[in-house]
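Peer 1: Before I ask anything, let me first share the structure, which is written out below as structure tokens.
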Amino acid sequence: MERITVTLGERSYPITIAAGLFNEPASFLPLKSGDQVMLVTNETLAPLYLDKVRGVLQRAGVNVDSVILPDGERYKSLTVLDTVFTALLKKPHGRDTTLVALGGGVIGDLTGFAAASYQRGVRFIQVPTTLLSQVDSSVGGKTAVNHPLGKNMIGAFYQPASVVVDLDCLKTLPARELASGLAEVIKYGIILDADFFTWLEGNLDALLRLDGPAMAYCIRRCCELKAEVVAADEREAGLRALLNLGHTFGHAIEAEMGYGNWLHGEAVAAGMVMAACTSERLGQFSSADTQRIIALLRRAGLPVNGPREMSAQAYLPHMLRDKKVLAGELRLVLPLAIGKSEVRGGVSHEVVLSAIADCQQA
């Protein structure tokens with residue numbers, strides 16, 4: 001069992017990583033006998049895990065209700081959020097309730113925002129079931145729902161009480177979802193840890209076949225890196241923005257193509273290549289390192305080009321709604337070398353559009 005602490009003073013919390021955690025009531029601390037819980041999951045995961053998690057909590061004396069939501073990025077919306085509020089109010093659940101997010105990034109983000117908003121804030125626990133949510137979205141307290149004009153535009157910073165990562169969940173993960181998660185894994189190597197990127201080049205095949213020790217190390221290292229960044233910059237005033245490598249481009253793809261048509265990790269993968277190409281054009285990133293990124297993404301089964309039906313010009317309106325934009329100026333996370341990156345403003349639209357166009361045609 002691995003345990004990592006996200007250090008935020010009185011709001012610090014543990015990330016527990018191991019196989020078989022759904023069998024142990026102690027995995028779901030700080031829950032205790034007599035507590036009231038609303039388990040939030042989706043219709044795909046409910047048949048796989050709902051009874052198991054509900055059962056282990058009930059054996060610990062926890063009172064459990066549940067709400068099952070439709071599955072997919074398009075349902076990360078205010079309308080579906082209201083479904084959670086309605087379920088909480090009908091019981092009713094008070095301020096002493098705990099929301100448990102049992103699912104991937106959509107469930108985690110939506111449930112976290114529900115917890116931040118319901119009666120001005122209740123406790124919640126992240127139980128991520130996808131690789132992407134285990135290494136990224138469940139850690140750090142970013143919660144949100146989408147708006148038709150932009151991804152994650154309505155949300156709050158709100159930290160969980162704990163994160164429970166059961167490695168056994170990956171056994172039921174479709175190959176496309178596994179690849180999507182690997183995009184965020186690769187991101188950490190590009191922006192923060194050159195040694196980890198090199199390790200990924202040597203161990204990607206083991207991750208693709210769900211080798212236990214390799215996957216445990218991979219998730220632990222990603223969570224360590226994320227925890228360090230969040231502890232230093234919880235509200236994304238500086239360092240934490242680096243975690244958005246590829247996301248400004250990727251969110252544009254998701255919004256333009258329709259939420260769910262491109263998985264988040266797929267869009268981020270293409271976006272990271274666009275960011276690398278932009279940095280190349282500015283003379284601050286090598287072509288050789290761009291090719292290393294492209295090669296690793298391809299081995300993971302991820303796209304390295306944007307959708308052909310989306311013109312370069314179609315990106316800009318979405319990118320200019322990005323949360324990093326200041327005074328109307330586009331700010332991008334750009335790699336400087338494998339393991340090193342920066343947030344840069346003042347990049348001309350012409351340079352960005354040229355990089356996008358080349359990535360569309362490559």
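Yeah, the Cβs are placed from backbone N, Cα and C, and that goes for glycine too.
Feature table excerpt (Swiss-Prot):
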{"type": "BINDING", "residues": "71-76, 105-109, 129-130, Lys142, Lys151, 169-172", "note": "NAD(+) binding site"}
{"type": "BINDING", "residues": "Glu184, His247, His264", "note": "Zn(2+) binding site"}
Peer 1: For Zn(2+), what surrounds Glu184, His247, His264 with a Cβ no more than 8 Å from their Cβ centroid?
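Peer 2: Here the nearby residues are Leu132, Asp136, Ser137, Ala183, Lys187, Gly246, Gly250, Gly265, Ala267, Val268.
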Peer 1: Just to be sure I understand the packing, how many Cβ atoms besides its own are within 10 Å of the Cβ of Gly108 (NAD(+) binding site)?
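Peer 2: Gly108 (NAD(+) binding site) is surrounded by 31 other Cβ atoms within 10 Å.
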Peer 1: State which of the following binding-site residues has the fewest other Cβ atoms within 10 Å around its Cβ: Asp71, Glu184.
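Peer 2: Among the binding-site residues Asp71, Glu184, the lowest count of other Cβ atoms within 10 Å belongs to Asp71.
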Peer 1: Of Arg74, His247, His264, the binding-site residues given in the record, which has the fewest other CB atoms within 10 A of its CB?
Peer 2: Arg74
Peer 1: By CA-CA distance, flag whichever of Asp71, Cys169, Thr172 among the binding-site residues is nearest to His264 (Zn(2+) binding site).
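Peer 2: The smallest Cα gap between His264 (Zn(2+) binding site) and any of the binding-site residues is with Asp71.
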Peer 1: How big is the gap, in Å, between the Cα of Cys169 (NAD(+) binding site) and that of Glu184 (Zn(2+) binding site), rounded to a whole number?
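Peer 2: Taking the Cα atoms only, Cys169 (NAD(+) binding site) lies 18 Å from Glu184 (Zn(2+) binding site).
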Peer 1: In sequence order, which same-chain residues at least six apart have a C-beta under 8 angstroms from Thr130 (NAD(+) binding site)?
Peer 2: Gly103, Gly104, Gly105, Cys169, Leu173, Glu177, Ser180, Gly181
Peer 1: When the Cα-Cα distance from Glu184 (Zn(2+) binding site) is computed for each of the binding-site residues Asp71, Arg74, Gly108, Thr172, which gives the smallest value?
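Peer 2: Result for Glu184 (Zn(2+) binding site): the nearest of the binding-site residues is Gly108.
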